[in-house]
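Peer 1: Sharing a structure with you now.
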């Protein structure tokens, strides 16, 4: 049954912009000056002070409305479940950062303490993230290589290689936190909008490939030094395949078994998550089993298996970052800061929408900045969030960051009292856990076909970012992705899909004439639409498409007309301004000393049937000075051809700019502008009707 259609009828005058302004007085608004904005920003009262405190300390807001009876049990259960996952991921992801595993527990503890007070998201699990760990690990490997001397940094004197790596990782993290805190204070949280979902997807997929390759040496039990820089992944694979015959079978078999079991249980967790009170903590279970088996059968000595070894018991005293490392790693620390915030903010936004509360991008920058600075002071490395860990925290009943605080307390208990139990854990088990957790990121390869079918420029962004990050490294790959993304934006605006519109009969609607069968297109009238801003890069494209739409080049036609008029004028002068009764035919067919001129030469002047040209500016958001000059030239070419030009639906700010830039003169008038396309069409019909009536009266 067809839906009931409603109708509306509006009776009003046909308006031009001039007549509309005459009938409807506009409010004159005085824009605020820079001094006004500064004064307003610095003004303080009790209400504003309270809002500032609530903004800087979001915990005050949600803690006042905390429902103890309804939420506390869920937060406790969620905190325990998330804590188990955070501990295992912290141990595993520390390998990506080229650090001893115990420092992954630091990252699961310290950053969460400050985010608990400063963060606006109630559901994300703050801690290590594999992509950031890998980016930090690239700096660590560059400054403290495994198969060579460390960089010439004064702060390294008297430190063991592991201590040097910890100093590099904490210094990079400290600088990352400074960048995030500075961006938050300067209110530039909007910067994350330049990292589109497509770019982030391609980037994280490339990071997953890097992570997979980096963990092969642990799974295979090979001694492969860390490599960084362009094509590092190729060189790493080469070294792995050269040593493939030296694979430790015990490591390989154990890794395969653990990956298969963890993968199956995770799939069951996803399938039956509605029935399970909490997801099965399979990573923790397999880690405990692997520790027991490794200790009982003495894998380290019997099968030459690398194990975690001595765990740091308790917490060490704070350390100061190295300024020399700052200088060496500033270029890498900035993309780490951007990626860490972008991933955390994207995940936080998903859950804030799901649970109906708001998050503040600038406050999130401040929260992560302070968290990373605080954590780096206690030897932790870059913190953000992991989607899998956050999903556990939310799905197991977590309502607030009390769950996150409990998970941090669990990491603290392992560090202080239970760390020695993890010493016999094979590193291949941690590598296997890292690889099996890459499933979600690696499955993003499926997006290539989806994007290719629906939006090819977006597909180019994805592929360009992914390939750039795989081949050139994550830092350069991110820059490549941003460059490709900006090029697609330029491409879309520089070469927009222009169209010729026609009226849908019986309505005031106008659509692309190629898209509809039944349309009304008045003879001699063209409606041209450009769906993008007009600026220096696309003004010539706009003029070319306009010429293509009307079917002739006004400048060429005007030149041919002027040439024909000069020819006629010359012939008149030669005949002493006398015409025979046979008219112009005798003039054109006569023989003169000059090259003959005949009717065929005049027939080369194209016939122009266009009398009205309407430009639809409804999608034009701005005009720059270069485009303004080009538009003026294009309009004058048509006006001098006796074509009436109208511009419709022009933004009021663009109109103001046209006035300010002296766009109007004796040829280009303000009366050419109309508020809607239908107003302009009715105006054209009225003019044509008046001309027709006038001609009938004359005859």
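The backbone N, Cα and C atoms fix where each Cβ goes, glycine too.
Remember, TrEMBL labels are computer predictions, not curated facts.
What TrEMBL shows for this protein is this:
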DOMAIN    515-684  domain 'STAS'
TRANSMEM  72-97  transmembrane segment
TRANSMEM  103-119  transmembrane segment
TRANSMEM  126-145  transmembrane segment
TRANSMEM  165-192  transmembrane segment
TRANSMEM  199-220  transmembrane segment
TRANSMEM  240-264  transmembrane segment
TRANSMEM  276-297  transmembrane segment
TRANSMEM  333-353  transmembrane segment
TRANSMEM  365-382  transmembrane segment
TRANSMEM  461-487  transmembrane segment
Peer 1: With pairs 6 or more apart in sequence, are the transmembrane segment (199-220) and the transmembrane segment (276-297) linked by at least 3 Cβ pairs under 8 Å?
Peer 2: no
Peer 1: Counting Cβ pairs under 8 Å that are 6 or more apart in sequence, does the total for the transmembrane segment (165-192) and the transmembrane segment (333-353) reach three or more?
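Peer 2: Per Cβ check, the transmembrane segment (165-192) touches the transmembrane segment (333-353).
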Peer 1: Below 8 angstroms Cβ to Cβ, which residues of this chain, lying six or more residues outside the transmembrane segment (103-119), approach it?
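Peer 2: Contacts of the transmembrane segment (103-119) (Cβ under 8 Å, skipping residues fewer than 6 from its ends): 56-59, 83, 86-87, 89-94, 97, 126-128, 166, 169, 312, 315, 363-364, 366-368, 370-372, 374-375, 378-383, 401, 404-405, 407-408, 411-412, 414-415, 419.
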Peer 1: Taking 3+ C-beta pairs under 8 angstroms (sequence gap of 6 or more) as contact, is the transmembrane segment (461-487) in contact with the transmembrane segment (276-297)?
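Peer 2: In this chain the transmembrane segment (461-487) does not contact the transmembrane segment (276-297) - fewer than 3 Cβ pairs sit under 8 Å.
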Peer 1: Under 8 Å for C-beta pairs, could you tell me which stretch among 72-97, 240-264, 333-353, 365-382 has the largest tally with the transmembrane segment (276-297)?
Peer 2: 72-97
Peer 1: When you scan the chain for residues with a C-beta under 8 Å from the transmembrane segment (240-264), skipping those not six or more beyond its ends, what do you find?
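Peer 2: Contacts of the transmembrane segment (240-264) (Cβ under 8 Å, skipping residues fewer than 6 from its ends): 213, 216-224, 282-283, 286, 290, 299, 303-306, 426, 428-429, 431-433, 435-436, 439.
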Peer 1: Average the per-residue pLDDT over the domain 'STAS' (515-684) and send me the rounded value.
Peer 2: 83
